[in-house]
Every structure is written in C-alpha cells, then in structure tokens.
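Here is what TrEMBL records for this protein:
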- 128-265: domain 'Thioredoxin' (DOMAIN)
- 16-34: transmembrane segment (TRANSMEM)
- 46-64: transmembrane segment (TRANSMEM)
- 76-96: transmembrane segment (TRANSMEM)
- 103-125: transmembrane segment (TRANSMEM)
Amino acid sequence: MNAVSIGPLVFASDRLAAILGIFAFMIAAAILAGRMDRAISAFASWALVAGLVAARLGHVALHWRSFAEEPWRVFAIWQGGFEPLAGLAGVLLAGALTIRSSLAGIGAAAALGLGLFVWAGAGALTQATLGQPAPAVALEQLDGPPMAISDAAGKPAVVNLWASWCPPCRREMPLLAETAARRADVTFLFVNQGEEAATIRRYLARDRLSLGKILRDRSMQTARHYGVPGLPVTLFLRPDGTLASLHVGEISREALEAGIDRIAGAR
C-alpha cells in the first residue's frame, strides 16, 4: 500500500505513519502527565513544535542553494522535506528546557518511545511495494504510437501520474517539464489519468508546457497497478523497470532530484 485515502484526503504511507506516531506520542504524554508529572505535557507540546521546526530547518540547510533561489519554498511543508536528526535535536532541546525531575523524564521517554514505535510499526505495515515491475499494457500516446510504461526499460525513468483538474499536479508540472528537458539520461513519462486528448491539449496550450512523452490512461489502470488512490504521484523506475521509490502529492525540487539520483546510479 503506497498511499491511504481518508475521505477526500490522500496521504503517502510514510506521512501517515508519521502522523499516527505523533498522535500516539501526544496522547501518551497527556495520559502520563495526569498520572506522573504535568511537565510531561509541556515537554510534548514543545517537543512537537521544536522537532518539526528543527527538522524543516535542517532540510533547508542541507539544500540551501535550491531554497536560496526560491525562498518562499521554506514554508511549502506540504511538499515534504524534514531532516530526522535535526528534528531529534529539537526534541532533545525541548526536553532539556522542560524536564526537571527524573519522574518526568521517565514519562517523557515512555511517551516518546511509544510514538516512535507506532511510527515505525505503521510505516512497516504501509510500506510501498518497492520492486514492483512496470505495467506492460500499451497506452495511447498523445503524439506518437501506443506505448507501455515497461517499454521505457533500459534507462531509468520518472513516471508522473497527473490530471489537468488536479491543482498540485498543475503546480509541480513546470518543475517536471524543466527537469525532463535537462536530464537526457532519464526517460520522463507523463501518464494522464482519465482525460480526453482535447482536454490535455487545451491545458498544455494554456500553460505553454512541452512535456515530451504523454500517455493517456483512460481507465486509470496505472494508479491501480501501483496502489495509489490519488494524484499526483511520481514514480521512480530503475533501468530494469522495477519501482525504486515513489512520491505521493506535489513533489519538491529536492525530492525529485534525490529520486532521480537514486535511479540514475542503478544498474
């Protein structure tokens, strides 16, 4: 299972695991604060804030050149991008500032341990189906002969599942188009989900986009093949066509480049 749909919301499996872990941590801290020491509740609140802020700033620091070009993206947390070790440092700082007794320390450690356990457990249960082969079903190409995603085997490939009605799809498309034009060593396939050719052409003309290979998946079988219930989805395929990783939701420049670097070095 690569993503989970809850009503209108679609969560990547790794993000859902993190959310569940945070909820478990906060609930455990609230219970233990009432039974052991109120400082545990203060620790949990500050740990959540400090951990998230530090993790985000750590990610920004690691990719500062990219963020310097588009500073507003520091706040685009919906794209993902958190550095775990920096987040841990933020949590430890919160503990140093709020924990004053050994009893509170034991309770805080127990709540944090439970949160990490739930995070890891949920992540294992919802982990992506990595290694899955590309579908061999031929899809209609917007400007060219029918093509299956498996036909891209031989080179690393980035496969983007998208639709013109999808706002995050439209937001990430200029980045994908620019990267596709720049990375000749990687095949980019833009697999439209369920739209007519005329609709796709109108969108491309309106936004002045040139995407290269565009496939029409009218029955949305590619999304079902990879077990993703929402859009956009970016798949990173090794040269043998197997799935190396995937990103659910709007992708950042850093996540896109990291995914490409993993498959470009694969053999």
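Keep in mind that glycine also has a Cβ here, set from the backbone N, Cα and C atoms.
Caution: TrEMBL annotation is automatic and unverified by curators.
Cβ atoms under 8 Å from those of the transmembrane segment (76-96) belong to residues 12, 15, 43, 46-47, 49-63, 105, 108, 112, 247, 249-252, 254-255 of the same chain, restricted to positions at least 6 beyond its ends. Across the domain 'Thioredoxin' (128-265), the DSSP tally of helix, strand and coil residues reads 49 helix, 35 strand, 54 coil.
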